[in-house]
Amino acid sequence: MSEKTTISVIKADIGSLAGHHMVHPDTMAAAAKVLAEAKSKGILTDYYITHVGDDLELIMTHRKGVDASEVHETAWNAFKEAARVAKELGLYAAGQDLLTDAFSGNVRGLGPSAAEMEFVERPSEPVIVFMADKTEPGAFNLPLFRVFADPFNTAGLVIDPKIHDGFKFEVYDVIAGKYVVLNSPEEMYDLLALIGTPGRFVIRRIFRKSDNEIGAVVAVERLNLIAGQYVGKDDPVAIVRAQSGFPAVGEVIEAFAFPHLVAGWMRGSHFGPLMPVGQRNARCTRFDGPPRVVALGFQIKNGRLIGPADLFDDPAFDETRRLAQTVAEYMRRHGPFMPHRLGPEEMEYTTLPQVLQKLQDRFTEAKLYQVKGPKVKTELLE
Ligand code: F6R
Ligand code: MG
Ligand code: MG
């Protein structure tokens, strides 16, 4: 039993109402029963259950540390129960993210995604949980960079002595299965060189440089890579600590005032704007989107989750949402053309191999002009 508090946010798509639109309340109730029992047994200190689009989100606090098998097993059982109800109700894609029947100590690699961090609580501990639907973990790269490394977003980086030294970014290469830690501001350009490719290089954790205190964590599971074939977008979650020694809550959510383009949306195969919304609008509609993100603010006291505050449910984000609508409309007009549609290597659904195979006998050799040799000269290839 640790003196530290752990917050674990574990999510899965266990089936949803009206296609991939939203989680059904009965499945949330089924999950809540499992978590209530775990709380009564002392496995969890506290919990809060919610959904964003078709993803069931379990926000849990406990004293068992990161990757604790009892906590992961509790989450797994909650998803199983929720999926059982989803199947009874005939909900769409019931059980989608539960890739196996056998739990083996940790939900990672079995379908659900997890973001967890452990810390000694400060006298007052504000924490923000971000949950997104219809996008991928790298969607948090841009806003987290801005929160922890960009002084034009976070005034504290310039004027607060407690964060003036900057932060360290742990960046995962989710294709090669490696990670690297980069210091900001010194290595900011190297950091940007990597995280500007969000489908491959993903910010996983951020630490305060002066004392290594954890500031943020992102669930970096890529379900499509785990499953070996695409079985859904990896709708990510993130946890960020705020205030006194970290960016202020307002600085953290400021980074989401720009609805940047992220991969996901319809069929996990389109770029669209990430729209910050309140909990009541956490349901995907137009073209199964646009991709959405919710921010719930909590105070954590002796492991108790006080709150939440629904941080994007505010007119201050209306202009962001309006811009997101304009961008959504602009992107949609491209129909099946890139760059609205993702490149072939990133698409969830593709008919391209079948189309190419079908047409292979009808393709005729073409004469192409091509630059040859060191000199810039073209010649006709015959
Ligand atoms: C994207 C997503 C949806 C589905 C789409 C088709 O992550 O979940 O956009 O890809 O609704 O779903 P199926 O193939 O189940 O009919
Ligand atoms: Mg779904
Ligand atoms: Mg989803």
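Cβ atoms here come from the backbone N, Cα and C positions, even for glycine.
Among Arg267, Arg321, Arg322, only Arg267 appears in TrEMBL as part of the beta-D-fructose 1,6-bisphosphate site alongside His20, Tyr92, Gly105, Asn106, Lys134, Gln243, Ser244, Asp288, Tyr349. For the Mg(2+) 1 site, TrEMBL records Asp13, His20, Gln96, and the single candidate of Asp46, Asp54, Asp67, Asp133 listed with them is Asp54. The Mg(2+) 2 site recorded in TrEMBL comprises Asp54, Asp55, Asp133 together with one of Asp211, Asp234, Asp235, namely Asp235. Of all the binding-site residues in the record (Gly105, Asp133, Asp234, Asp235, Arg267), the one with the smallest CA separation from Asp54 (Mg(2+) 1 binding site) is Asp133. If you measure from the Cα atom of Ser244 (beta-D-fructose 1,6-bisphosphate binding site) to that of Asp235 (Mg(2+) 2 binding site), you get 30 Å. In this structure, the CA atom of Asp55 (Mg(2+) 2 binding site) is 9 Å away from the CA atom of His20 (Mg(2+) 1 binding site). In three-state terms derived from DSSP, Asp288 (beta-D-fructose 1,6-bisphosphate binding site) belongs to neither a helical nor a strand segment and is classed as coil.
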